[in-house]
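These features come from TrEMBL:
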{"type": "BINDING", "residues": "GLN10, PRO11, THR12, GLY18, ASN19, GLY150, ASP151, ASP152, ILE190, LYS199, MET200, SER201, LYS202, SER203", "note": "ATP binding site"}
{"type": "BINDING", "residues": "ASP138", "note": "L-tryptophan binding site"}
{"type": "MOTIF", "residues": "11-19", "note": "motif ''HIGH' region'"}
{"type": "MOTIF", "residues": "199-203", "note": "motif ''KMSKS' region'"}
Amino acid sequence: MAMRIVSGIQPTGNLHLGNYLGAIRNWVRMQDEMPADGECLFFLADLHAITVHNDPAMLAANIREMAATIIACGIDPARAILFRQRHVPAHAELSWLLNGTARIGWLNRMTQFKEKSGKNREGASVGLFAYPVLQAADVLLYQATHVPVGDDQKQHLELARDIATKFNADTGTDLFTLPDPIIPPAAARIMSLRDGTAKMSKSDPSDASRIALTDDADTIAAKIRKAKSDADALPATAAELADRPEARNLVGIYAALAGVTPDQVLATHAGQGFGSFKPALADLAVETLSPIRDRLLTFRADPAELDRLLADGAARARTLAAPTLAAAYSALGL
Ligand code: ADP
Ligand code: NA
């Protein structure tokens, strides 16, 4: 069977270097490594986004911004199929069919629901509870062979496999392919520039804590110059940075941008203080991010082109989804 990868990402605004190095760049890598007979389907999980507090105007803006960012970062809509989940109604339809297969006991075991609903379980939306069933539909709909999962998503992929197995058994078919996990190469975990122990995040109130993908060259250089560091020179090995979180973070960012290990960065920068390492890091960050920013601004200026690309991706996705959805209805006697 030809390889088929399906992966979704929630539309958010304020995208930053951590999102690029930790998430979007993995998609670009998968796209670039996909054999010619395989297919990558990447979607904006906008139906998932409404399971928690939703601001409609913000969501609409975030969907466009996220799509523009993903393409700006290197997803090529001519090669990968990039689309909005909401534009392929088969996601919602199959999700409902699979609600007949999934068991409440299975969903009760999902640790992410427990974390996200917190103390207010009774007040959480039904959508948040059923979220993993929609995720199962997202991948089973396309007969995905592989799904990239971080640690927090392993349980949901297991659930998708359980749902597929039960559906196939209950209907006496082998309709659904059981997708295998792809564990992405240990993604760089980028920390705040103000505090080397907190994750770089869109929700950090300090704008100086993160490098936004829309920051211009001067802003990037200024943020790196002001990033928290220390007065010591860089050591020869990453192990020696264990108790220097800010220094370790800056070396880690350099390594992630350059596509090398922290030890390789130190092999060429050992002995340097931050007075000279920071400008080198700023140059590298600007070199990587400037073209992304330029493409992003181009899409912001031409939303019609962005919408056209998303509509085209959705049309291709609908074509791939149609036979599986039809077979699922028919297997159920509908
Ligand atoms: P944020 O923490 O800014 O709210 P999200 O939770 O929306 O980011 O994450 C979107 C994607 O980006 C996820 O795949 C997440 O793992 C990745 N990501 C977010 N922040 C970082 C970071 N600081 N370092 C690496 N990856 C990150
Ligand atoms: Na978050």
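Note that the numbers count up from 1, one per residue, in the order the chain is shown.
Cβ coordinates are placed from backbone N, Cα and C, and glycine is handled just like the others.
Among GLN10, PRO11, THR12, GLY18, ASN19, GLY150, ASP151, ASP152, ILE190, LYS199, MET200, SER201, LYS202, SER203, the residues given in the record as binding ATP, the maximal Cα to Cα distance rounds to 21 Å. Under 8 Å, Cβ to Cβ, and six or more positions away along its own chain, LYS202 (ATP binding site) finds THR12, GLY13, ASN14, LEU15, HIS16, ASN19, ARG210. For the motif ''KMSKS' region' (199-203), same-chain residues at least 6 beyond its ends with a Cβ under 8 Å from one of its own Cβ atoms are 12-19, 189-193, 209-211. Rounded to a whole number, the distance between the Cα atoms of the residue listed as 'L-tryptophan binding site' and GLN10 (ATP binding site) is 13 Å. ASN19, ILE190, MET200, LYS202 are the binding-site residues among ASN19, ASP151, ILE190, MET200, LYS202 whose C-beta comes within less than 6 Å of an atom of ligand 1, given in sequence order. Its Cβ taken as reference, ASN19 (ATP binding site) is surrounded by 23 other Cβ atoms within 10 Å in the chains shown. Taking the Cα atom of each, the residue listed as 'L-tryptophan binding site' and MET200 (ATP binding site) are about 28 angstrom apart.
The Cβ of ASP151 has fewer other Cβ atoms within 10 Å than any other of the binding-site residues ASP138, ASP151.
A 10 Å cutoff on Cβ-Cβ distances gives GLN10 (ATP binding site) a total of 16 other Cβ atoms nearby, all chains included. In sequence order, HIS16, LEU17, GLY18, ILE190, MET191, SER192, LEU193, SER209, ARG210, ILE211 are the residues of the chain that are 6 or more apart from MET200 (ATP binding site) and have a CB within less than 8 Å of its CB. Residue counts for the motif ''KMSKS' region' (199-203) under DSSP, split into helix (H, G, I), strand (E, B) and coil, are 0 helix, 1 strand, 4 coil. When other Cβ atoms within 10 Å of the Cβ of THR12 (ATP binding site) are tallied across all protein chains shown, the result is 18.
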